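In case it's useful when we look at the structure, here is the feature table from TrEMBL:
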- 480-742: domain 'G-protein coupled receptors family 3 profile' (DOMAIN)
- 480-503: transmembrane segment (TRANSMEM)
- 518-538: transmembrane segment (TRANSMEM)
- 550-575: transmembrane segment (TRANSMEM)
- 587-611: transmembrane segment (TRANSMEM)
- 637-660: transmembrane segment (TRANSMEM)
- 672-692: transmembrane segment (TRANSMEM)
- 704-727: transmembrane segment (TRANSMEM)
Amino acid sequence: MIPVPKNYQHILALAFAIWEINRNPQLLPNITLGFRIYKENHYASMTPDVTLSLLSSHGKVFPNYKCNTKDNLLSVLGGLNSKTSYRMATIFGNFKISQVFLGYRFSDPIDPQYHLQNAAIVWLLLYFQWNWIGIVVQRSESSDHFIRIFDATLAQNDICIHFVKQIIPIFPIFNILIGDLREVLWTILNSDAHVVIISGDSHSLQSLLISLHIYEEEDQAISGKVWILTTQWEFSAIGYHYDWVKLKSLHGALSITVHTSRVPGFKDYLWALNPHEPHGDVFLPEWWEVVFDCEVLKAGLVSPDGRRVCTGEENLDTLPSSVFDGKMTGFSYSIYNAAYSVAHALHAAYTWESQRGLKRGREKPHLHLSVKPWQVIIIFRSSLLVHKTDLHSFKIHQLLLMISNTKPFSLCVKCCLPGQARKVEEGRPSCCYGCASCPEGTISNETAQCVPCPEDQHPNKNHVLCIPKTMNFLSYEDTLGFISVSLALLFSSVTILVLAAFIKHRNTPIVKANNRDLTYILLVSLLLCFLCSFLFIGQPRNLTCLLRQTTFSTVFSIAISSVLAKTLTVVLAFIATKPGNRARKLLGKQLIIVLACPLVQTTLCASWLAISSPFTNLDFHSVNGEIVVECNEGSTAMFYAVLGYMGFLSLVSFMVAFLARKLPDSFNEAKFITFSMLVFCSVWITFLPTYLSTKGKSMVAVEIFSILASGAGLLACIFFPKCYVIVLRPDLNNRSHLMGKVN
């Protein structure tokens with residue numbers, strides 16, 4: 001057997017463990033453990049021969065026949081791959097001999113460390129944002145388990161597998177000749193997946209590495225790939241570190257290693273090694289020659305081929321970690337623990353046999369005669385190996401990986417642009433997605449998915465950031481708000497001027513003839529109508545929402561009631577001129593109408609406030625990118641009841657004025673009232689559909705316009721003709737003229 005540099009370190013770990021156990025007086029006292037090392041064959045089919053030789057004497061294959069009792073096989077450490085382990089276990093199981101698996105544990109789906117390794121690989125892929133990978137495994141049942149479970153783990157993290165290639169674990173040269181490995185390497189070389197995960201036993205990995213070397217000799221080096229090696233790679237080193245294998249393809253590969261702990265005394269044990277004093281270690285001289293490129297000869301001899309002679313003073317610190325590690329590696333640590341596990345099991349079995357012999361009055365038995373292999377199995381079964389693993393304990397420190405001065409990436413498609421989301425295309429892996437713009441109201445997050453913004457925010461132009469929505473209400477700074485304020489002030493000023501003119505000329509015939517009290521009430525109510533439009537401008541508050549509709553409807557009811565009373569006064573005045581007509585008694589009672597009609601409206605408004613009063617409401621969805629600050633009317637039925645009553649008064653006033661339009665012009669206002677009520681009704685009939693079809697500040701502006709337009713119509717149609725006479729034609733403002741018109 002040629003000692004491979006890395007594998008020899010595992011032998012040293014076993015030898016150190018046995019050396020410690022034999023020196024420990026508390027463990028197996030007066031008992032000396034020994035061990036034999038058997039070479040694992042390249043072919044799993046040859047495993048039974050090696051296994052049976054362990055059960056026979058002198059290395060001969062005679063199962064269950066031993067002619068000596070000195071070498072009593074109690075336990076076996078070994079099985080570097082799944083096939084070898086299972087074939088050994090099948091044979092040893094028949095003879096009740098315990099076997100401690102070493103290399104297979106990380107390819108066993110029921111082992112917690114197996115899932116820990118998968119999690120470590122996934123975390124590494126996520127850290128570098130690689131989601132498009134290839135996998136190379138050996139062709140075996142354990143690899144099928146690995147692919148099936150690992151694929152599910154990758155899918156949960158949105159990582160896709162581009163290809164899975166299997167290697168037949170036979171001698172590599174034959175593999176090259178039949179083209180199996182050439183096809184695998186060609187796939188890796190031409191794949192757009194730049195990350196390749198390699199998992200397999202020693203024979204498969206040896207075939208792959210030698211094939212890579214042959215590829216590089218043919219100037220077909222696989223460059224630009226990131227190789228991720230599983231833990232089996234470390235344990236199954238078979239000569240990958242010889243100088244003739246200088247693989248450029250694997251330069252900078254990432255390897256998952258097994259956890260290890262510092263073992264006191266191991267480093268001193270290694271540094272005490274001397275090839276000239278091997279102490280029975282037949283591997284040490286040959287290993288020393290390989291790693292230090294010298295020849296171990298007896299003192300005074302010269303190498304016949306001129307090689308440098310090993311002095312034994314060579315420094316182990318000068319060796320690279322790929323050849324020799326100064327600390328105990330993960331798998332070496334597993335071998336170290338396995339040796340101690342067997343020793344403790346033997347100690348427990350020996351203690352039990354000793355106590356049983358003493359109880360029976362017999363002398364202390366000999367261990368190699370009394371302890372049977374099946375007893376060691378019982379001890380192992382009564383023990384529990386607790387795996388303390390934490391999948392959240394991975395910490396990747398600042399790690400910079402560069403290939404040809406560029407950061408490597410492995411994606412099926414480039415990432416979507418900001419504001420776009422992934423769109424899975426039918427028939428393609430989820431990683432090979434298309435990109436589509438995010439719909440309205442959403443932004444793209446770090447996972448390239450569209451997520452909605454909060455209610456009070458909306459996406460920016462690129463759909464990558466949620467920004468606060470602006471408040472939408474009719475303010476004084478808005479154009480509509482400025483126009484509304486200007487018109488309200490203008491009409492209020494005109495109303496005040498008209499009122500002042502009527503007060504100044506209150507004793508003139510035209511003012512007396514038009515019922516001064518009703519005129520004053522009408523003008524004041526119109527002034528209040530114009531001023532109440534200010535309640536609709538500015539950011540709505542709960543108080544303004546309560547006052548808006550109730551104040552407007554009540555004041556307008558007073559105005560319309562005044563118009564109705566003026567019209568009825570004219571009609572009753574002419575009816576009362578007829579002899580014997582009782583209408584004369586109703587003259588002077590017009591103030592009852594002015595009080596009664598608004599009282600009904602006031603009752604409706606009070607009921608409205610009591611049942612479901614208006615309140616401030618924020619509408620996040622009606623206007624894109626804006627929050628509409630509005631007054632919710634509370635009870636919609638009461639809102640329309642108030643408007644309906646105001647419409648009823650307007651209709652009655654219009655009908656009365658229309659019927660009285662042919663009375664003499666000098667005393668008759670009916671014609672002008674008819675026109676004013678026609679304007680009033682037209683405005684509010686147009687208001688309803690327009691009001692319902694608008695949102696935000698436009699809806700408020702529509703109502704303000706309706707208030708101003710209807711009030712201005714009443715003011716212009718009823719009072720402008722009289723103001724014309726009072727201001728511009730005072731010569732017509734006399735009793736004789738008015739009486740003449742009547743005659």
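Even glycines carry a Cβ here, placed using N, Cα and C.
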Taking all residues of the domain 'G-protein coupled receptors family 3 profile' (480-742) together, what is their mean pLDDT?
83
Could you tell me whether the transmembrane segment (518-538) and the transmembrane segment (637-660) are in contact, taking contact to mean 3+ Cβ pairs under 8 Å with a sequence separation of 6 or more?
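Touching, no - the transmembrane segment (637-660) and the transmembrane segment (518-538) miss the threshold of 3 or more Cβ pairs under 8 Å.
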Taking the transmembrane segment (550-575) as the reference, which of 480-503, 518-538, 704-727 gives the largest number of Cβ pairs under 8 angstroms?
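Looking at each of 480-503, 518-538, 704-727 in turn, the most contacts to the transmembrane segment (550-575) are made by 518-538.
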Using a Cβ cut-off under 8 Å, which residues of the same chain at least 6 positions beyond either end of the transmembrane segment (704-727) come close to it?
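Counting only partners 6 or more residues beyond its ends, the transmembrane segment (704-727) has Cβ contacts under 8 Å with 474, 484, 487-488, 491, 494-495, 498, 501-502, 505, 508, 510-511, 514, 522-523, 526, 529-530, 532-533, 536-537, 552, 556, 559, 563, 669, 672-673, 675-676, 679-680, 683-684, 686-687, 691, 733.
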